[in-house]
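Below: one structure, written as structure tokens.
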Amino acid sequence: MASPNLDFLPQLSVDAKPRMEGDIHGTNVVDSCRSDSDFYTLDEPVWETVKRDLQSVWIKLSCVVFPQSNQKLLRNWDLWGPLFICIFIALMLHSNSNSSAQPKFTEAFFIVWVGSFVVTLNIKLLGGTISVFQTLCILGYCLLPLAIDVLICKIASLSQGGTVSLLVRLLATISTVAWSQYAATTFLSSSYPERRKGLSLYPVWFFYVVVAWLILSYTHYSQ
């Protein structure tokens with residue numbers, strides 16, 4: 001019997017000595033991930049991690065002072081800055097007197113953080129595209145102008161009241177509320193649907209107004 005003609009099949013050649021190349025340790029992959037991520041801190045000293053975190057906080061504070069939309073800063077969110085700012089405001093509003101009209105540290109701290117969480121939840125329910133912690137980070141860092149305001153109001157309240165002291169506190173509060181609102185709007189401008197822009201921004205504005213009202217109300221001169 002004649003053997004079948006297999007000329008129509010493609011000619012395949014097999015290398016008798018297959019080559020295996022590559023770096024089994026994957027150092028290039030690790031290095032690229034290390035350059036793209038700021039959170040690979042397993043092999044660095046603690047002091048280097050602290051300095052890096054402080055530098056990150058400083059950069060975010062600078063972006064609030066000079067508001068600019070930066071998505072990279074949103075990805076590298078943290079809650080250290082908002083925590084320090086909130087503690088500072090609560091300490092400045094804290095009163096050692098026994099008067100029930102003066103807020104205590106826990107009351108001021110609770111109002112600021114719960115208010116931030118409620119505003120964050122509202123943004124998420126309206127279709128916000130950033131995470132809860134990113135929103136808390138933005139709202140917390142944008143409290144920086146109001147932290148400056150509470151310091152100004154405390155200094156102005158050292159005098160025995162009067163029209164000048166009231167005007168200084170009022171102008172400082174109005175300016176810092178507008179500053180905080182503008183900074184938060186700049187950061188959040190690309191994170192919510194355009195058709196729901198008003199519904200998303202109104203609670204943000206209301207939140208900063210409430211904090212400013214607390215500052216203006218509880219930093220007056222007292223004996």
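Glycine too: its Cβ is placed from the backbone N, Cα and C atoms.
Some features that TrEMBL has for this protein:
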{"type": "DOMAIN", "residues": "70-214", "note": "domain 'Yip1'"}
{"type": "TRANSMEM", "residues": "79-96", "note": "transmembrane segment"}
{"type": "TRANSMEM", "residues": "108-126", "note": "transmembrane segment"}
{"type": "TRANSMEM", "residues": "132-152", "note": "transmembrane segment"}
{"type": "TRANSMEM", "residues": "164-182", "note": "transmembrane segment"}
{"type": "TRANSMEM", "residues": "202-221", "note": "transmembrane segment"}
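With a cut-off of 8 Å between Cβ atoms, the residues of this chain six or more beyond the transmembrane segment (108-126) that come close are 82, 86-87, 89-90, 93-94, 132, 135-136, 139-140, 143, 188, 191-193, 196, 199-200, 203-204, 207, 210-211, 214. When the domain 'Yip1' (70-214) is classified with DSSP, helix, strand and coil residues number 110 helix, 0 strand, 35 coil. A Cβ distance under 8 Å defines the sequence-distant neighbours of the transmembrane segment (79-96), meaning residues of its chain 6+ beyond its ends; these are 53, 57, 60-61, 102-106, 108-109, 112-113, 116, 133, 136-137, 139-141, 143-144, 146-147, 150-151, 154, 211, 214-215, 218-219.
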